[in-house]
Amino acid sequence: MSELPPKTSLRRWFVTTNHKDVGILYTITALFFLIMGGMLALLIRFQLWEPGAQFLSEIAYNEAVTTHGLVMVFWFLSPFGFGFANYFVPLQIGADDLAFPRLNALSYWMYALSGILLGISYFQGGTLSTGWTMYAPLNVPMYTPSLGSTGAILALAMFVIGITASTINFLTTIHHSRAEGMGLMDMPLFTWSILATVYMMLFAFAALLAVALILLSDRILGSIYFSATEGGALLWGHLFWFFGHPEVYIVFFPALGVMLELFQSFSGNRLVGRKWVIIAICLISIQSFLVWTHHMFLTTINLEVKTLMMATSIGISLPFDLVVFSLIYTLIKGRIKFTTPFLFAFGALLLFIVGGITGVFLGAIVLDYEFRGTYWVVAHFHYVMFGGATALFGGIYYWFPKMSGKMYDEFLGKVHFVIFFIGFNAVYFSMFLAWETPRRVFEYDPAFQPMHQFGTIGAVVLGLSFFIMFYNFAKSYVSGPDAPDNPWEYTRTAEWAVSSPPPLENWGGRPSYASGKLEFVSEALTPSDDHDGPAAATDGGHGEGHGDDHIESYPYWDKHASHASIWPFALSLATGIFFFGLSGVSSSIDITTADTLFGTGITVSNPVYPVFTALGLLGIIWTAVKWGLEDFYAPPMEIAERWPFEGVEKVKLGMWFFLASDVIVFGAFISAAVFIRVAAGWYTWEPLTDSLPGLINTFVLLTSSFTVILALVYARRKSRKGLIAYLSATILLGLTFLSIKMWEWHHEIYDVGVTLTQNSHGDPVQATIYYVTTGLHGLHVVIGLLIAGFLLVRAWNGAYQEDPRPVEYFGLYWHFVDIVWVILFPLFYLF
Amino acid sequence: MIASVLLQGTDGLRAQAEIFNEIFSVFLGLGTLIGVIVVSYMLWNAYKYRDDGSEPKESFDPPVLGELPTGKGGPKAKKLFLSFGLSAIVVISLVVYAYGLLLVVEQGPDAPGVESADMEVDVVGYQFGWEFQYPNGVTTQNTLYVPEDSAIELRVTSRDVWHTFGVTDLRIKSDAIPGDYSETWFTTDGEDLASGEERTHQIECFELCGSGHSYMTGEIVVMDDQDFNTWYDEQAAALENESDGSGAATNGTDSGNGMENATNAMTAQGVEA
């Protein structure tokens, strides 16, 4: 643990784990990516000035289209919303910080550095040029061979890792750290929309992670999932859109939350039908996972499924209707103040209505058949997603006084809105008028040229309007008037009850809503008998993760929460280096196969990438160990509302959320295996391997599940010897599993002739699926063994006697890995 | 212009363009109407209830900082459910209506009671062009020749990456996915063509497929019946000559896949003139 340096120190911004600092970092970084994505958008618009490749070459145009989409969807929209979520969700629910502050900083650095990887990919022989949807098989090296294509996908994978960490963090925080008296239904609607967003993210981004891992396996290891004609291309479509449709709501919901807040704050009315709006938001979150094939209506999906998805797709407009009407009715009989934030929120609703209505068109299959791949789609999703982001700009004006402590210039803000709104409609409404133009082409029908030129002019206007905002904020930050605590008259939420900007630990006393309104309770915390208190009855938690086993030496009432750690940045940097290395490793190493393992020749043609890979991997292990050993104290709230997870300790709850997302990752891999096998003809495949080694391995892993339980039992009995013995037994069993696995692979490769891309029994893709799926499981076993080794060394030194919980958390992970094997075994060895 | 050419339909078979235009106008009319009503209502209320600096009414009860949110019931909530109910009726009717016409498009010439397809052509997308494989084994590149007054079924696939075959003025589109065949159809009814006359429709690719995506266009050429039959027979004869002769697999219009395609072609059903 180190002290947090002052805000003027550059060092602070690398070590801070405070949610407000991280929120500011997210916001500024997201605005940087807005500029980057905006520049790419202008390149596209300039190309469209006249039909034909006037300005960019064919491939450069495709790269601009691709990275514009990726940057705006991933590196701008979500992180911009999550800048506010970081800053204001803890404030709105009365928490001191997020549940896992270091994990939060890690999410940010993974995000920021993944963006740099994406930038680097441009200089690795050209970046990805497949469109942001990355359809297979255009996304495999045969069609997009550049290292930068791999680099861009690695950047996306790294971004998703950060997102997953962030998701787990917000879910745990919102379920674990609400102030006394604030039930789930009492949460402000911005926090509600973030809760719905992170639930969708937990499952949707796990699917994206899985599909990115499969694609990376195709690109780096040379497996053949997406080039397989046995459903490879359709598999991409299904997995991508299973993520892709919820993603639309994932980027829209934070903006919706801002709209819901601002309509109340600037009309002076409470939300109409508040309960029903929350129900609608929950319904949309669930339904978003049941509409994905409307992106694939023109494929060979059968009519029954298409019809069902048409009904769910058009039907999802209903809960949205309710939310829109609720927003409009909230204005009635209010005293509406047309400040800059409200103008943006109001404008966002207008744009969203246009986007929503044109979206219903796309839900009707017959219309979608024609709109597919045209500018109708482009116009529609810009009205929805960028229309939503319009509310986020309202959010930045709304919260700028709180975040910076300065008021912005109202006149310049209004000028920004007017120019923005005109520019926006000029660009995107002209797309509706030119809708017969195919997407992502520059050679279009000259009849549409006036429309496209009008759109280009609109795009320049739209882009320039942001410089008014940047100037406004820069000027106000330097010389604007100080902001009062609550500059808006009718606000309700707790962030306006503290100073602008709020103090490091947010509150003067403990915030409580027990009396029905916000009060700050200034009670002296009593020592550990607080554990028996009603609100935290089953929660004896003090520390964060397995790093904290010194609780006896640090009674919490005289230990301060930590706010600084360099390891989130260091671990992200190491990951970035590792991923950079991976992008070129397959083109730098030539492996000549032979009949035996020892005959295999490895020639390194270019050592740069392999060296980066190795350094990055060592760095990851080293920083992870340092992270685990760091004495970092993030106290759980002693008194908090936790429904429906009252009895679950903080880290355990986080672990459950992580495992839920990992279930989806494996679920996607298993679905991929089943999907391709069905496409190839289920009964045409026999198991590749003997069932005996798999059967033995099943017993080995199940036994290791027992030993890890016994390790926990002995840790609870404070038996160091028992703990060491059973942890060692677990590790030995894990190593046995891996040894049998390696023997099996060796046998398959060198005796039978089944390799990643060759299968003497039948379809080569069967071999790919076998190696990659069991390989992912093997990787989970290896990571489990590394953690177990860390625990063993610490146990040897006497740790976990007082606080055995890290052993329990590891046990949860290990059981999960075992359960996955119980599913993989019949899939690959029996049927 | 498009409509006048395509709206008549063949023997009870409605062209996709006709169905599209019908649904599109219904959705556009209804959508515009609802959009205009909702947006005007919103703007009017925003104007009416603006803060003009006057004294607030007694009934005005703004929320206070730090209160637990309660939401608002009363007449506004009733209005909310009424509007929701109305939109539900509109949406459900649209789903049912759109489903009815979807069935027509899906069945196309296979539907009972309409004349079955006159010709089936395989369409193979590739980087960057389209290959058309006719029932008699003839193949052409980038131009699909069809006779007038017929219903044509297309089976679309790809030999490399994902493409999407689409003809905007016929309102037809189909994904071209490697390893998979998706189907669409169109009719060529319209004003009678005299001998030597042709009508063309532009083919475009609607899925990003690589550097040549923007240029991946082709044409559908509708010919007079007699002209088409003459052309079709000539091509078939040329193909036969070549396979009898040197065995070199090229013919007048193809680039080298003639032999293979001839064997792979679907069972020829001839062209009903």
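Note: Cβ is positioned from N, Cα and C throughout, glycine not excepted.
Mean pLDDT across the domain 'Cytochrome oxidase subunit I profile' (A:7-514) comes to 96 in this model. Feature annotation from TrEMBL assigns domain 'Cytochrome oxidase subunit I profile' to A:7-514.
Annotation source TrEMBL lists transmembrane segment at A:65-88 (among others). When Cβ-Cβ distances below 8 Å are used as the criterion, the transmembrane segment (A:65-88) is approached by residues 19-20, 22-31, 33-34, 36-37, 40-41, 43-44, 98, 104, 111, 114-115, 118, 122, 127-134, 152, 156, 159, 163, 166, 170, 190-191, 194, 197, 247, 250-251, 253-255, 258, 385-386, 388-389, 392, 395-396, 399, 402-403, 440, 493, 495 of the same chain, each at least six residues removed from its ends.
Taken from TrEMBL, the feature transmembrane segment covers A:147-170 (among others).
The transmembrane segment feature in TrEMBL is assigned to A:248-264 (among others).
The annotation transmembrane segment is assigned in TrEMBL to A:276-297 (among others).
Residues or ranges marked as transmembrane segment in TrEMBL: A:343-367 (among others). Among residues of the same chain six or more beyond the transmembrane segment (A:343-367), those with a C-beta under 8 A of the stretch's C-beta atoms are 255, 258-259, 262-263, 266, 294, 297, 306-307, 310, 313-314, 317, 320, 324, 327-328, 376-377, 379-384, 386-391, 393-395, 397, 413-414, 417, 420-421, 424, 432.
Counting only same-chain residues 6+ beyond the ends of the transmembrane segment (A:379-400), those with a CB under 8 A from a CB of the stretch are 27, 72-73, 76-77, 80-81, 84, 87-88, 248, 251-252, 254-256, 258-259, 261-262, 265, 339-345, 347-349, 351-352, 354-356, 358-359, 361-362, 406, 408, 413, 420, 424, 427-429, 431-432, 435, 469, 473, 476, 488, 495. The transmembrane segment annotation in TrEMBL covers A:379-400 (among others).
Taken from TrEMBL, the feature transmembrane segment applies to A:412-434 (among others).
Residues or ranges marked as region 'Disordered' by TrEMBL: A:529-548.
For A:555-831, the entry in TrEMBL reads domain 'Heme-copper oxidase subunit III family profile'.
Under 8 Å from some Cβ of the transmembrane segment (A:566-589) lie the Cβ atoms of residues 2, 14-15, 17, 102-106, 108-110, 112-114, 116-117, 120-121, 124, 147-148, 150-151, 154-155, 157-158, 161-162, 216, 219-222, 602-620, 622-624, 626-627, 630, all in the same chain and six or more residues away from its ends. Feature annotation from TrEMBL assigns transmembrane segment to A:566-589 (among others).
Remote same-chain partners of the transmembrane segment (A:609-629), defined as residues 6 or more beyond its termini with a Cβ less than 8 Å from a stretch Cβ, comprise 102, 545-547, 565, 567-568, 570-571, 573-585, 587-589, 786, 790. Sequence annotations record features per position, and here TrEMBL assigns transmembrane segment to A:609-629 (among others).
If one looks beyond the transmembrane segment (A:695-715) by at least 6 residues along the same chain, the residues whose Cβ comes under 8 Å of a Cβ in the stretch are 721-723, 725-727, 729-730, 733-734, 736-737, 740-741, 795, 800-801, 804, 807-808, 810-811, 814-815, 817-818, 821-822, 825, 829. Per TrEMBL, the feature transmembrane segment maps to A:695-715 (among others).
The feature transmembrane segment is assigned by TrEMBL to A:769-792 (among others). The list of residues near the transmembrane segment (A:769-792) in space but at least 6 beyond its ends in sequence, with Cβ under 8 angstroms from a Cβ of it, reads 213-214, 217, 221, 223, 225, 546, 621, 625, 628, 665-666, 669-670, 672-673, 676-677, 688-689, 724, 727-728, 730-731, 734-735, 737-738, 741, 745, 754, 756, 800, 806-807, 810, 813-814, 817, 820-821, 824, 827-828.
According to TrEMBL, the transmembrane segment annotation covers A:812-830 (among others). Residues 652, 655-656, 659, 662-663, 666, 670, 673-674, 687-691, 694-695, 697-698, 701-702, 704-705, 708, 730, 770, 773-774, 777, 780-781, 784, 787-788 of the same chain lie 6 or more positions beyond the ends of the transmembrane segment (A:812-830) yet place their CB under 8 Å from a CB of it.
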Contacting positions for the transmembrane segment (A:248-264) when only residues 6+ beyond its ends and CB under 8 Å are counted: 73, 77-78, 80-82, 84-85, 188-194, 196-197, 200-201, 204, 270-271, 277, 281, 284-285, 288, 323, 327, 330-331, 341-342, 344-346, 348-349, 381, 384-385, 388-392, 394-395, 398, 490, 492-493
